[in-house]
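K.L.:
Take a look at what TrEMBL says about it:
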{"type": "BINDING", "residues": "ALA22, GLY23, ALA24, GLY25, SER26, GLY27, LYS28, THR29", "note": "ATP binding site"}
{"type": "DOMAIN", "residues": "1-297", "note": "domain 'UvrD-like helicase ATP-binding'"}
{"type": "DOMAIN", "residues": "298-573", "note": "domain 'UvrD-like helicase C-terminal'"}
Amino acid sequence: MQLNAEQAEAAKYIDGPMLIIAGAGSGKTTVLSYRTKNMVGAGIDPKQIMMLTFTNKAVRGLEQQVAKQIGEESASNVWISTFHRLGLHIVGEVDSSLVTLHPAGSRQVLKKITEEMDIKEDNKEFVRPAKLLSLISLFKSELVLPSYLYDGLYLKEYIDSDSVKDLIRQHIGTKDRLELFRSIYQTYQRLLNQHNQMDLDDILLKSVDYLVSGDEVLHKLQSRFRYFMIDEFQDTNRAQYVLAQMLSNHTRNLAIVGDDFQSIYAFRGSDMRNILDFDNHYQDAFTVRLEENYRSTPVILEAANQLISHNEDQREKTLTTNQQEGELITGYKADTIQAEATWVSTEIKRLIHEKGYQYRDIAIFYRSHADGSLFEVMFPEEDIPFTVVKEGSFFEREEIKDIMAYASFVVNPHDTFALRRIINTPKRGIGKASVDRIVEAKTENIDYISLLVNGNLPGVKGKSLERAKEFGEVAQRLQSGIGKVGVARWLKACLKITGYNEMLDQLEDGQRREKQIHLDKLVELASEFEAQDEEMTLHYFIDRLKRTDVDATLTKDEDFDRVQLLTVHASKGLEFPVVFVVGMKEEGFPSPYAYSSFAMEEERRICYVAFTRAKERLYLSYPKKKQEKNEEREKVEVNATPSRFLSEFDSSLIKWE
């Protein structure tokens, strides 16, 4: 492949800091792989190169491209990973016994904490587990522990106190609520520490803390790595930015790639200032702009360029392309949301039968999951095959949570939360009161498996005691198999020994088949991981699986020919020949929660991302009526206003049907 002038310029610059502003579809992965080739060609050892990104899919893409340029053997020596995998490596260097708690487990911990507190009525919404976990995640992304949340905000030097104060002002508000949050956060961290666990955000928080306090860990990494490349830099949070700075400070060979136009994760703690201010922090940074788009038609790009130009806080850039003009954008004003879904269904059938597209070429984007629910109902009636793409949905399935809880429990038999989940899954007739007494009998000196097998459980009697001991023996048997058999074989044994397979056999055929598919996928993933790493342990499998884009692997099959339904956020990094963006009404897209000018600019960036996923055809639609709840909480139909984004590009670029 021939690089364009700007790509070639970025690829040949090796030493010192560099900022690559890479517009949507501008070939940034190609640039990074060619740059790696030039570095190796200049005599740099591949083992000295680290490349970081955000998803396992992006990691795979980089690995493939780098292998094409320097060969598989050399490419295997380049460290290409997500931030979280790097974090797990750093944490493992200091304390390899820590077990990662998945968000479902974190919510369970928070639920238990708040249930034992006397919460005022006006704080009930504030202490919802999902809301609390999101808030804790935001503070951890700013490297803030509960002990820092006192008056005056005693913070470590690498913490941005202004950002922390903004978080408190925006998400907490009053002093009383701050004290409530601090108390919950502190209890949550204490419980995690007691059970030798860390949540996903702890991985980076602990990594930074270990690098700051443990010179040996930092020295080890800096001795090996001299060149650093970070993709999607606009999505970094404070923790990731500090981590990148600390690792690269000894050489300042830090090249970052990103696009502030595609910064859409503020709700997760990402900070667009990291890319906007990069050349202020590195004033000698070499800057390159990649503005030639290789994905979309000129019409789609022109609409996207005009749309995003309404934002003020950004770096100027204009996407161009050498492609032919292509189709105009198609717009549709539906009378109702039902009519909108019917029109989309009809148009999909036309594209399939008259234009030669496959279902897999087509995606439907919406701002929130609620806007996609009608399509899930209608498409089966219309015989349109589809799949709903949700981030992390594989891990939200009950059967996966069950088996992962078994794995977590035998790896860390002090894990109360895993115990509570599995002790009666399948049903064993051990009552809640008995489970509570088992938890009360546990001390720091004895783990649950030993406790259960010994049967020294005050207050647990009769059949409950007998069954608790039997469960302990099952867990002991599973624990004894760790290291003796591979992970895939262990998972199969777990399903059999625990009686889980028998439980599945009692289910209705369709439900059993669906659960079995997901469990088979779990075993298949274990086999794949073991083929890549003969030293794979159950502990490492648990951590690695939590960082794997399993839902993507479920849909990459050649036989997988379905329309994809997804939020715009879930579409990041993807592209489709045909994109429908539905529900483009005010208080829908943009979100009704976009109160500030900053939030509205983020909404516009989300819309920009949606537009720039489309390669050939872009459809935009909205309903003229929408449903709202009145004062009596009854659903009523009211007039909807078209999204402001529909009028922020030239009307000549869209034809309305």
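Placement of Cβ uses the backbone N, Cα and C atoms for every residue, glycine included.
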K.L.:
Rank the binding-site residues ALA22, ALA24 by the number of other Cβ atoms within 10 Å of each Cβ, and give the residue at the low end.
P.N.:
ALA24
K.L.:
Based on DSSP, name the secondary structure state of ALA22 (ATP binding site): helix, strand or coil.
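P.N.:
SS state of ALA22 (ATP binding site) = strand.
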K.L.:
For a quick check of understanding: among the binding-site residues GLY23, GLY25, GLY27, which residue's Cβ has the most other Cβ atoms within 10 Å?
P.N.:
GLY23
K.L.:
With a 10 Å radius around each C-beta, find which of these binding-site residues (SER26, THR29) has the fewest other C-beta atoms nearby.
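P.N.:
Lowest Cβ count within 10 Å among the binding-site residues (SER26, THR29) is THR29.
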K.L.:
Quick one: what's DSSP say for LYS28 (ATP binding site), helix, strand or coil?
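P.N.:
In three-state terms, LYS28 (ATP binding site) counts as helix.
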K.L.:
Over the domain 'UvrD-like helicase C-terminal' (298-573), what is the model's average pLDDT?
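P.N.:
It averages 87.
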K.L.:
List, in sequence order, the residues of the same chain other than ALA22, GLY23, ALA24, GLY25, SER26, GLY27, LYS28, THR29 whose Cβ lies within 8 Å of the centroid of the Cβ atoms of the recorded ATP site.
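P.N.:
Apart from the listed residues, the neighbours are ASP259, LEU290, ASN293, TYR294.
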K.L.:
Return the residues near LYS28 (ATP binding site), defined as same-chain residues 6+ apart in sequence whose C-beta is under 8 angstroms from its C-beta, sorted by sequence, else 'none'.
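P.N.:
Expected: ILE20, ALA22, ASP231, VAL257, LEU290.
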